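Structure, as structure tokens:
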Amino acid sequence: MVFRKLPGVSASGMGLRLSQKFVFLLFLSGLVTLCFGALFFLPDSVRLKRIFLSKTESQPVTVGTKLKALSRKPSVTNEAKTDKKDAGGEALEDMTLSRSKTESASKDEKVTSSSNQGANTDTSFDYNKFKKCLLKPPLGIEHGKPSDPQTLQRREKVKEMMKFAWDNYKSFAWGKNELRPLTRNGHIGNMFGGLRGASIVDSLDTLYIMGLMDEYNDAKEWVETSLDLNSNGEASLFEVNIRYVGGLLSAYYLTGEEMFKRKVMVLGEKLLPAFNTPTGIPRGVINLGSGTSWSWGWASAGSSILAEFGTLHLEFVHLSELSNNGIYTEKVMNIRKLLNKIEKPHGLYPNFLSPVSGNWVQHHVSIGGLGDSFYEYLIKSYLMSDKTDEEAKTMYYSALEAIEANLVQKSPGGLTYMAEWRGGILDHKMGHLACFSGGMVVIGADDGAPEKRQHYLDLAAEITHTCHESYSRSATKLGPEAFRFDGGVEATATRLSDRYYILRPEVIESYMYMWRLTHDPKYREWGWEAVEALEQHCRVEAGFSGIRDVYAQTVSHDNMQQSFFLSETLKYLYLLFSDDDLLPLEDWVFNTEAHPLPVVRKSFSLQKQVK
């Protein structure tokens with residue numbers, strides 16, 4: 001190639017000008033690079049970062065403590081850095097939520113939209129049209145008032161217990177999560193990530209259905225003015241979902257108060273980043289402020305827990321219904337998709353699953369702790385769908401068949417119980433938590449194979465009887481945390497560490513369901529036995545407390561009035577002594593914290609579109 005000499009320009013002059021241009025362009029390029037890079041350090045550059053940064057922003061995972069309730073500090077791992085969109089996992093920028101803190105309650109209730117791009121987020125849910133989808137009034141003709149004087153007297157006693165527990169909470173622990181009745185102060189705990197008022201949110205629907213309206217209005221006012229959703233702590237996804245999300249959803253559906261809906265939509269969105277895993281299986285712990293999530297330190301190999309990621313379906317479907325945004329339903333359906341695909345040992349679902357690989361981590365199966373409410377939510381998902389969710393139905397009855405084949409046992413004394421399974425070896429122990437299963441089996445008795453209906457009714461009655469035996473064989477007539485069927489004992493705790501009772505509801509829950517579906521009067525009698533035992537052994541001067549040893553003649557209290565005592569134990573007792581038209585089962589399904597959620601009928605889902 002021949003370079004022609006430009007007229008009037010010397011070779012040396014042309015070289016100088018080219019050199020100057022090169023330097024100028026180099027300088028300009030550096031300036032642009034510097035300015036652009038600075039954007040990433042400006043406080044308002046979050047959206048720019050989302051556009052240009054990798055989808056695989058790291059997700060810390062913790063290791064260490066074996067105590068579930070202990071606060072965890074996140075640490076970054078290589079596993080977290082490899083998170084990709086896979087098997088239902090979403091790209092991070094599609095899920096990241098606005099983290100900006102707000103200065104007022106009204107700003108707090110503004111639902112962000114960064115995770116809902118392209119979705120239909122019309123939130124014009126018509127409460128009045130929803131009520132027309134119900135077959136019966138939620139509170140019955142006379143608030144479920146029984147005609148029998150003795151039953152009415154017993155119901156009034158339960159109502160008095162609720163007022164006593166609530167009044168003491170309000171006097172000594174208002175705004176805290178739970179009451180310490182012996183020391184008369186509040187307990188915050190670290191399961192809720194900085195959220196406060198767990199007892200308030202958990203009690204909203206109980207106060208409302210009992211007609212304690214002054215107390216309900218105090219609770220509602222606190223939620224409206226003081227429930228701060230901008231916490232920046234480490235929360236249990238499971239506990240926040242069943243207590244706060246469930247409690248707010250239930251309060252909205254029962255009362256129509258729009259404030260509850262606004263609050264729950266903000267909170268629901270804050271839970272979505274927990275699903276940012278390669279499989280879409282959420283991790284168990286989430287920072288509600290930053291969206292960072294990780295697994296419990298005590299969970300085997302950083303796994304997620306079956307009962308935790310399997311106990312989201314009811315609430316998340318309703319979050320989608322209220323927001324008209326399918327992202328919540330999509331998340332829980334992705335969980336189900338993976339569980340359907342993965343191989344199950346003997347048809348059983350082990351308790352630990354890796355959110356990275358999607359494989360089981362251990363072959364430990366339990367219908368009690370770590371597994372329990374997963375099975376409950378299968379049959380309840382079917383019932384809540386107005387019996388249209390055939391996939392949930394199939395999964396439930398298949399799981400129940402595997403449970404009967406591998407876990408259900410009969411003791412030498414004739415007691416039916418559910419053992420635990422550890423890699424093919426049975427551990428002849430049943431936990432108090434597993435005593436919900438009598439109620440679970442009975443509510444599904446009518447929808448299985450017709451020829452098995454009576455079998456399921458019998459199985460439910462036998463399990464409930466065994467759990468009643470665990471109560472009646474103790475000195476306090478309250479049941480231990482776990483009881484065994486080996487070494488010559490039956491339905492009795494043999495270890496000191498299993499002898500405590502923390503005001504748990506599961507046995508009473510099964511009494512309530514068994515009463516509703518059989519009307520056998522013994523279940524009301526058994527419930528009254530529990531009321532008398534609670535009054536004698538758990539009632540103290542400033543509330544109710546759990547006890548350390550149900551077999552001890554002189555009880556030692558644990559100084560804790562659990563929020564679920566108000567949400568579940570007392571609510572189930574009140575329903576047990578009420579007529580069936582108070583929260584009729586045709587219209588309502590109870591989440592695992594006893595918060596009633598309405599059946600989603602076709603007209604319910606379409607009513608938002610009706611003008």
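Don't overthink the numbers, they just go from 1 along the chain as shown.
Just so you know, glycine gets a Cβ as well, placed from its N, Cα and C.
Remember, it's a predicted structure, so these values are computed and weren't measured experimentally.
Taken verbatim from TrEMBL:
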- E239: active site, proton donor (ACT_SITE)
- D372: active site (ACT_SITE)
- E481: active site, proton donor (ACT_SITE)
- E506: active site (ACT_SITE)
- T592: Ca(2+) binding site (BINDING)
- 100-111: compositional bias 'Basic and acidic residues' (COMPBIAS)
- 112-123: compositional bias 'Polar residues' (COMPBIAS)
- C435-C467: disulfide bond (DISULFID)
- 72-123: region 'Disordered' (REGION)
- 22-42: transmembrane segment (TRANSMEM)
Ask   = Per 10 Å Cβ neighbour count, which of the active-site residues E239, E481, E506 ranks highest?
value = E506
Ask   = Taking the Cβ of C435 (disulfide bond) as centre, how many other Cβ atoms lie within 10 Å?
value = 31
Key: Closest of D372, C435, E481, E506, T592 to E239 (active site, proton donor), Cα positions, recorded positions only   = T592
Key: Inter-residue C-alpha distance, E481 (active site, proton donor) and D372 (active site) (nearest angstrom)   = 14
Ask   = For C467 (disulfide bond), which of these recorded positions sit within 10 Å, Cα to Cα: D372, E506, T592?
value = E506
Request  = Across all the protein chains here, work out how many other Cβ atoms are within 10 Å of the Cβ of T592 (Ca(2+) binding site).
outcome  = 25
Request  = Report the member of D372, C467 (the recorded positions) whose C-beta atom has the most other C-beta atoms within 10 angstroms.
outcome  = C467
Ask   = C435 (disulfide bond) to E506 (active site): how many Å between their Cα atoms?
value = 5
Query = Any idea what the Cα distance is from E506 (active site) over to T592 (Ca(2+) binding site), rounded to a whole Å?
reply = 10
